[in-house]
Amino acid sequence: MKREAFKMYLKPGYEAEYEKRHAAIWPELKALLSKNGVSDYSIYWDKETNILFAFQKTEGEGGSQDLGNTEIVQKWWDYMADIMEVNPDNSPVSIPLPEVFHMD
């Protein structure tokens, strides 16, 4: 199982809305992530920088960042685009973070 971390950017003033939308994550999106080996997925917010830090475990080759070709993920991106920094296709600007330490 791989561990992956990445950062994204939340627009200022949208912290509560971001949490609200994720508290009601679509069941079909959650099922897609699970079906594709994504587990132990957490997102943290740095209130000083509005950086979102995401961590997930993945089985196989892909992770949540590799599901952008699916209709449900594209709809989620569109739904979140007004409150996050996004690319032209509405995918969140996402920067992978290398692991520099791990302890079991």
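Note: Cβ is positioned from N, Cα and C throughout, glycine not excepted.
In Swiss-Prot this protein carries:
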- HIS22: active site, proton donor (ACT_SITE)
- TYR18, TYR41, TRP76, TRP77: substrate binding site (BINDING)
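Sequence features annotated in Swiss-Prot and their locations in the structure.
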residue: TYR18; record: substrate binding site; CB count, 10 Å: 18
residue: HIS22; record: active site, proton donor; CB count, 10 Å: 10
residue: TYR41; record: substrate binding site; CB count, 10 Å: 17
residue: TRP76; record: substrate binding site; CB count, 10 Å: 22
residue: TRP77; record: substrate binding site; CB count, 10 Å: 17
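The residue listed as 'active site, proton donor' sits 10 Å from TRP76 (substrate binding site), taking the Cα positions as reference. Largest Cα-Cα distance over the residues recorded as binding substrate, namely TYR18, TYR41, TRP76, TRP77, equals 17 Å.
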